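For reference, the structure discussed in these notes is given below.
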Amino acid sequence: MVPLLPLYALLLLFLCDINPANANSYYDKVLAHSRIRGRDQGPNVCALQQILGTKKKYFSSCKNWYQGAICGKKTTVLYECCPGYMRMEGMKGCPAVMPIDHVYGTLGIVGATTTQHYSDVSKLREEIEGKGSYTYFAPSNEAWENLDSDIRRGLENNVNVELLNALHSHMVNKRMLTKDLKHGMVIPSMYNNLGLFINHYPNGVVTVNCARVIHGNQIATNGVVHVIDRVLTQIGTSIQDFLEAEDDLSSFRAAAITSDLLESLGRDGHFTLFAPTNEAFEKLPRGVLERIMGDKVASEALMKYHILNTLQCSEAITGGAVFETMEGNTIEIGCEGDSISINGIKMVNKKDIVTKNGVIHLIDEVLIPDSAKQVIELAGKQQTTFTDLVAQLGLASSLKPDGEYTLLAPVNNAFSDDTLSMDQRLLKLILQNHILKVKVGLSDLYNGQILETIGGKQLRVFVYRTAICIENSCMVRGSKQGRNGAIHIFREIIQPAEKSLHDKLRQDKRFSIFLSLLEAADLKDLLTQPGDWTLFAPTNDAFKGMTSEERELLIGDKNALQNIILYHLTPGVYIGKGFEPGVTNILKTTQGSKIYLKGVNETLLVNELKSKESDIMTTNGVIHVVDKLLYPADIPVGNDQLLELLNKLIKYIQIKFVRGSTFKEIPMTVYTTKIITKVVEPKIKVIQGSLQPIIKTEGPAMTKIQIEGDPDFRLIKEGETVTEVIHGEPVIKKYTKIIDGVPVEITEKQTREERIITGPEIKYTRISTGGGETGETLQKFLQKEVSKVTKFIEGGDGHLFEDEEIKRLLQGDTPAKKIPANKRVQGPRRRSREGRSQ
């Protein structure tokens, strides 16, 4: 008896090794979960889920157990003995181990009696009862019943050859447990070494040539039996062979040839092909199909979008899953009962056509990837209002197939009734603000980026921790890139900024008190110059009850006033909807203290105060409206009267009082813009006329260059003003100017001057003079250079023609009278008595 102990120990070790709970394969992990769910029913009981109305059963995964459904269908829970165990009369659960027999006997133990019978009549029985080690993928009785009757009859009529070969094609010449069946493995069968494609999926499903293992790991003395849900058919063709032989796939075959992909489907691999039928192609608009087929890049993208680089059998799909296609984008494959859906649409009409390099599913819809679509075709159901308006107002036709564009598409509910009912010309301008001249993908956007629309407007990009915004509107998920452009989805209609912070406040009477205090604090320039600011602007309600004496008190302490006002201003542009909802965002104000912002239920809270209106865009920042005066809680007040005033206006916090304390003086930093002016010496060209020559002077040309980059900061003391000074050294050389045929010598003069630029931008002019019968020549010249016409007055300054003057010149009016060099005359010009034009 002693020698039996080591043998018994080895047997226990073997059984422990194959115990699903101790294995690491997906199948065994799901089996272990089913065992846990069934343990209340007794030892070695597994919980299975059966889809209602079918005979399909699955070991319970965690996900399916809690959902109570598989492929969207409700399931009922069954409790059965786990593989390798059996019940005993009068005892709970499955306390007994199944007897171990040879492979032939095990077929009967697992209930695969039809396979057992066919193994007997085909003379396979002797082989699987004898010596050896086999893996038998045995079709269930139901699988044989579902086999095509003609095929089954043919096997039964030739049991010694056809049936025997068919059964051998279900066998492998070694024992392989589910943990040995690796995903993507190809195992040679016992019939001509034809490959068996093994797939072992994360949800625990194991397939062989897309047949699902429904009862695995039935150990035999000379191998193992895995019961499968269908009969395996012999395969010897590739996906390419199948496409070339199927007449119903001729359109798809043509697309494969056009894109040079047909031959690649004949190579070794583990592909999944969703092949659209000819009927599917007939559903496409003819123009769309012709455009794609005429574009090799688009047709290649179309083909690759139908191919996966992994073998995906239908039986492995128990819920929605996302897969990457060869094209690079993803598709979602799901199931609804026995139907397979792609991107949420049931379209698979024939599944699991197994070939030697993959599997084919026939579909009745053509899958068009974004990369093969025109930019306007990228819009989804939530952007139909935008795309409909773009088409109705004639903008869609301007999006040329060979151009590149970016659509900034607001969602449907962003368009109010008032917007939709406005004048179509104005509505067209609004839509133009949502179309960019170039293709800009999501990954191309960065903070501070300037984008130009087809309407000529410039839009700013703001990138935050959890949001990307363009002007006042922030993106939602759904950005796509197509053949000639990209689309990004926005919550609201984008409103380009037109006015500065100061101009916005000035045109809104709600801010008149705050604006007056801001100007009294000498802070007006801060809101007029270029920059990026966020202003929390208090309305007049914030100062309700403040008397004129109290206002004078506040203005009288300039440091205090500046501290209070600058606490409402923070560097950077912060859009309300750009903040991560529900969390506090801490910003440092220009005054130096912190301000606390939070987005709650589409409302911006500023120091826990609700903003009455947010995201008012300006050219140098954004305004958020508050109806309370903001004050930094960490700054004490040392003046009794000021404290009384602040307590009168601010009731939501307790202001500290420290007698004698004063407000700090805040050094004001301003942006300075570098301007370089280049002066080019004038060139004189004499145009001969019939009576009077025309002097055409080009120059002096002045080029204004604005250098953008990091701002320069310098300290500006109180009372000091900032002036932009341009240094130049124009050189005027000696030349002769002919006026009415009389030569006038102008001596060479060289000077150095400083020009203080306080007015509008420098305009470039062209200098000319003439008159008499040379009007036709002058008129032609003016028509070409109508925006650059200047009349040169002898001894005086150049004069820029206004629009009305230009019109009169074009109509033949004569120039004005002579004007002294040291005097500029306003009003209409007249001819002098001498007849000399100026």
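Here the Cβ of each residue, glycine as well, is placed from N, Cα and C on the backbone.
Annotation source Swiss-Prot lists compositional bias 'Basic residues' at 826-838.
Here Swiss-Prot flags Cys46-Cys82 (among others) as disulfide bond, drawing on similarity to another entry. Cys46 (disulfide bond) counts 26 other C-beta atoms within 10 Å of its own C-beta, drawing on all protein chains shown.
Taking Cβ-Cβ distances under 8 Å and a sequence gap of 6 or more within the same chain, the neighbours of Cys71 (disulfide bond) are Ile51, Ile317, Thr318, Gly319, Gly334, Cys335, Glu336, Gly337, Asp338. The feature disulfide bond is assigned by Swiss-Prot to Cys71-Cys335 (among others).
Residues annotated as disulfide bond in Swiss-Prot: Cys81-Cys94 (among others). Every protein chain considered, the tally of other Cβ atoms within 10 Å of the Cβ of Cys94 (disulfide bond) stands at 23.
Residues near Cys313 (disulfide bond) in space but far in sequence (CB under 8 A, at least 6 apart, same chain), listed by position: Asn199, Thr207, Cys210, Arg212, Asp352, Val359. Annotation comment: Swiss-Prot describes Cys210-Cys313 (among others) as disulfide bond, evidence class similarity to another entry.
When Cβ atoms from all protein chains are considered, those within 10 Å of Cys469 (disulfide bond) total 27, not counting its own. In the three-state DSSP reading, Cys469 (disulfide bond) counts as strand. According to Swiss-Prot, the feature disulfide bond maps to Cys469-Cys474 (among others).
With DSSP states grouped into helix (H, G, I), strand (E, B) and coil, the domain 'EMI' (42-96) comes out at 6 helix, 24 strand, 25 coil. Residues or ranges marked as domain 'EMI' in Swiss-Prot (evidence: sequence analysis): 42-96.
Applying DSSP to the domain 'FAS1 1' (99-232) sorts its residues as follows: 49 helix, 36 strand, 49 coil. Sequence annotations record features per position, and here Swiss-Prot assigns domain 'FAS1 1' to 99-232.
When pLDDT values are averaged over the domain 'FAS1 2' (236-367), the model yields 92. What Swiss-Prot lists as domain 'FAS1 2' is 236-367.
Residues or ranges marked as domain 'FAS1 3' in Swiss-Prot (evidence: sequence analysis): 370-494. Taken through DSSP, the domain 'FAS1 3' (370-494) splits into 41 helix, 36 strand, 48 coil.
Here the domain 'FAS1 4' (498-630) is broken down by DSSP into helix, strand and coil counts: 49 helix, 40 strand, 44 coil. What Swiss-Prot lists as domain 'FAS1 4' is 498-630.
Less than 8 angstroms from the CB of Asn601 (N-linked glycosylation site) sits no same-chain residue that is six or more residues away. Under the heading N-linked glycosylation site, Swiss-Prot lists Asn601.
Within its own chain, Cys62 (S-cysteinyl cysteine) has His33 as residues 6 or more apart in sequence whose C-beta sits under 8 angstroms from its own. Annotation source Swiss-Prot lists S-cysteinyl cysteine at Cys62, citing similarity to another entry.
Summarising the annotation, Swiss-Prot assigns region 'Disordered' to 811-838.
Summarising the annotation, Swiss-Prot assigns signal peptide to 1-23 and lists sequence analysis as the type of evidence.
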Spatially closest candidate among Cys46, Cys469, Cys474, the listed disulfide-bonded residues, to Cys81 (disulfide bond) (Cα to Cα) = Cys46
Could you tally the C-beta atoms, other than its own, that fall within 10 angstroms of the C-beta of Cys81 (disulfide bond)?
-> 20
Sequence gap of 6 or more, C-beta under 8 Å: which same-chain residues meet both conditions with respect to Cys474 (disulfide bond)?
-> Ala467, Ile468, Phe490, Arg491, Glu492, Ile575, Lys577, Gly578
Considering only the disulfide-bonded residues Cys46, Cys82, Cys94, which residue has the minimal Cα-Cα separation from Cys469 (disulfide bond)?
-> Cys46
